[in-house]
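Asks: Please find one structure pasted underneath; my questions will follow.
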């Protein structure tokens, strides 16, 4: 999971032009959308959604009330991506058994 968190931090730094930050500067539990944390805004949230879709084939429904929870921190984003990845692997394994 640490590798995934580091990858997500690097993706966000690149996608959101956060050159002033390094992955080490972003605490895994720091709020992404709070001035006490990373300080991102709603436009950044849209960019994060695009990056997650491009990199992990992850689509997030904007009407899903749990989206705010997913975007809370690096830890919650990593849990979302890991859950999605595990779900896809299980589906692929099940599909492969039908051959």
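Just so you know, glycine gets a Cβ as well, placed from its N, Cα and C.
Since the structure is predicted, the reported quantities are computational estimates derived from the model, not experimental observations.
Taken from TrEMBL, the feature domain 'Carrier' applies to 2-88.
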Asks: May I have the DSSP-based helix, strand and coil counts for the residues of the domain 'Carrier' (2-88)?
Replies: 51 helix, 0 strand, 36 coil
Asks: Report the mean pLDDT of the predicted model across the domain 'Carrier' (2-88), rounded to a whole number.
Replies: 92
